[in-house]
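Since the structure comes first, as structure tokens, the remarks are kept for the end.
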Amino acid sequence: MGEKQRKLLVLYASQTGNALDAAERIGREAERRGCAASIVSTDEFDASSIPHEEAVVFVVSTTGQGDPPDSFKGFWRFLLQRNLGKYWLQRVRFAVFGLGDSGYQKYNFVAKKLDKRLSDLGATTIIEKGLGDDQHPSGYEGTLDPWMLSLWSTLYQINPKYFPKGPDVMIPQDEMIDLPKYRIVYHKRETLEPKLLAESDIIQRARGMSPGKLSKDTSKPDCFLKMTRNEVLTKAGSTKDVRHFEFQFSSSTIGYEVGDVVEILPSQNPSAIDAFIERCDLDPGSFITVRRSETENSDKEVITEVPIKLKTFVELTMDVTSASPRRYFFEVMSFYATAEHEKERLQYFASPEGRDDLYNYNQKERRSVLEVLEDFPSVQVPFEWLVQLVPPLKPRAFSISSSPLAHPAQVHLTVSIVSWITPYKRTRKGLCSSWLASLTPEQEINIPVWFHKGSLPAPPESLPLILVGPGTGCAPFRGFIAERAVQAQSSPIAPVMFFFGCRNKDTDFLYRDLWESHAREGGMLSEEKGGGFYTAFSRDQPKKVYVQHKMREMSKKVWDLLCDGAAVYVAGSSTQMPSDVMSALEEIVSEETGGSKEIASRWLKALEKAGRYHVEAWS
């Protein structure tokens with residue numbers, strides 16, 4: 001009897017969907033070469049069974065601050081167990097592909113640590129780890145393409161049984177090689193029981209059916225908020241539009257702490273939804289359920305049996321107006337193009353040669369699915385494929401800028417309204433922030449939200465604080481300081497130093513009156529309370545001044561507060577700022593102690609380990 005056919009396991013850990021996309025691509029390419037592949041998220045895989053796999057490809061992303069995706073944390077804890085020993089994976093061959101951004105200090109940190117740990121446990125690398133970089137002209141695919149070719153040829157050398165069709169396979173251009181992973185079941189209206197469903201049940205049903213679920217997240221919103229205030233914080237002449245939003249709970253009230261994060265599911269432009277439905281020739285009023293195809297593991301039946309209106313499903317789960325589709329979308333489109341010139345262009349976009357041009361047309365321009373479909377009018381993609389390939393509509397996360405103690409039954413947010421000009425001079429807007437900016441309290445719209453712990457734990461009142469929050473990074477600290485002000489009425493509180501920065505004092509100084517009143521006598525940031533308020537206005541003088549420069553000026557005071565047991569909290573939206581702040585602290589520590597940079601760096605690492613150094617950064 002011949003050897004059984006080889007199989008490839010692809011394990012992925014994804015935060016935003018890119019690693020999932022890369023994992024599916026690796027799986028597809030393996031199957032096209034005749035090798036069966038299963039693609040599983042690390043939080044749905046039993047880590048103790050890895051020793052029984054013979055070939056595993058790991059695809060893991062690293063978030064900005066070097067953190068692993070949530071779905072990787074349990075898996076990683078398992079791998080770190082001391083008792084596993086250095087022969088645990090001696091029969092396993094593996095390869096790691098990482099997705100990261102070289103603009104950050106801890107570039108592809110998770111992939112690098114995983115690669116080393118697997119080797120330490122006795123596993124053998126198939127090929128050197130691949131590191132995908134957001135900064136590459138064609139994103140992570142710039143590294144993934146050559147890395148995959150090397151993976152296939154090396155696996156084939158190890159054992160030709162992996163690829164009965166050989167390591168280099170040419171795809172016939174005109175036949176559809178893959179089947180969609182989902183099927184849509186249409187239901188007759190009269191068979192539906194007329195149930196009056198709560199809004200949260202509808203959202204739960206739609207999002208529970210959506211392929212876009214990255215982890216075992218809950219589809220049902222924690223509650224709904226209603227906007228009570230929408231105020232512009234920046235002044236005329238600012239390059240930014242930053243808003244202060246206030247909300248009240250419109251259903252049940254959810255308890256939260258300062259430093260927590262709220263996720264908001266935005267509404268899409270109704271006319272764009274109608275245009276998409278018309279362009280794809282769909283019936284908006286039909287009732288559907290979405291199921292996994294028989295080809296997929298049918299034990300993982302996704303769905304509850306209750307159908308949902310097609311238009312509602314599109315509105316709540318498919319991002320047709322703001323996110324760019326993946327490369328695979330163009331490949332699938334090419335099979336359904338009936339005009340020859342469109343077919344050729346789509347095939348070119350989906351090929352390795354067309355990769356950079358696709359990147360410039362698609363991601364760089366942030367083309368939406370609707371725009372792409374309108375650019376290729378001869379293409380009619382079946383709804384099954386659209387459900388699988390249109391980017392999922394994702395909730396957007398914001399740092400909460402209120403304190404439940406100071407602002408009972410309210411939630412405040414400080415949001416920069418995102419808009420930018422693409423290389424082809426098209427204005428693009430952030431979906432969620434521009435939607436929030438367009439709302440008024442009078443509309444009384446119910447906004448679905450989820451509450452989460454962020455990476456800034458609520459500090460006890462006895463803990464001295466050094467806060468660094470330029471721009472909208474000040475949001476969580478508005479909550480911190482408001483909370484301290486309430487606590488101060490009944491008990492002594494520890495000192496707070498706050499470093500704030502923005503471009504211009506006159507136009508961008510967010511919450512100026514609030515900070516300045518706290519910096520005056522007896523306030524939370526006053527000198528006599530042992531604290532202080534320090535501002536850096538980067539563009540108000542010829543030489544740019546940032547928060548880290550102000551920290552160095554206050555070197556002795558920062559060091560004294562650290563010696564008193566202070567915790568450092570850093571928040572903001574810049575790539576570079578958290579590492580600049582870290583460097584400034586290294587300089588302060590080595591200067592004040594007379595020790596070397598290395599000793600200072602070790603000291604700060606220990607501070608981090610002790611839970612006294614927290615960073616929340618957003619892109």
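Here, residue 1 is simply the first one shown, and the rest follow in order.
Placed from the backbone N, Cα and C atoms, the Cβ positions cover glycine too.
What TrEMBL says about a protein is an automatic prediction, not a curated fact.
The FMN binding site annotation in TrEMBL covers Ser14, Gln15, Thr16, Gly17, Asn18, Ala19, Ser61, Thr62, Thr63, Gly64, Asp134. When Cβ atoms from all protein chains are considered, those within 10 Å of Asp134 (FMN binding site) total 16, not counting its own.
Taken from TrEMBL, the feature FAD binding site applies to Arg366, Arg396, Ala397, Phe398, Ser399, Gly430, Leu431, Cys432, Ser433, Trp618. Over all protein chains present, the Cβ of Ser433 (FAD binding site) has 23 other Cβ atoms lying within 10 Å.
The NADP(+) binding site feature in TrEMBL is assigned to Thr472, Ser538, Arg539, Lys544, Val545, Tyr546, Val547, Gln548, Asp580.
For the domain 'Flavodoxin-like' (8-152), the model's pLDDT averages out at 91. Here TrEMBL flags 8-152 as domain 'Flavodoxin-like'.
TrEMBL lists 220-459 with the feature domain 'FAD-binding FR-type'.
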Of Asn18, Ser61, Thr472, Arg539, which binding-site residues are close to Ser399 (FAD binding site), meaning a Cα within 10 Å of its Cα?
Thr472
If I restrict to non-local contacts, at least six residues apart, and a C-beta distance under 8 angstroms, what lies near Thr63 (FMN binding site) in its own chain?
Gln15, Pro69
Candidate with the highest Cβ count within 10 Å, taken from the binding-site residues Ser14, Thr16, Asn18:
Ser14
Have a look around Val545 (NADP(+) binding site) and count the other CB atoms within 10 A of its CB, chains all included.
16
Name the residue among the binding-site residues Ser61, Ser399, Thr472 whose Cβ has the smallest number of other Cβ atoms within 10 Å.
Thr472
Between Ser61 (FMN binding site) and Leu431 (FAD binding site), the C-alpha gap once rounded to whole angstrom:
24
Per DSSP, what is the residue tally for the domain 'Flavodoxin-like' (8-152) in helix, strand and coil?
61 helix, 33 strand, 51 coil
Considering only the binding-site residues Thr16, Arg539, Val547, which residue has the minimal Cα-Cα separation from Ala397 (FAD binding site)?
Thr16
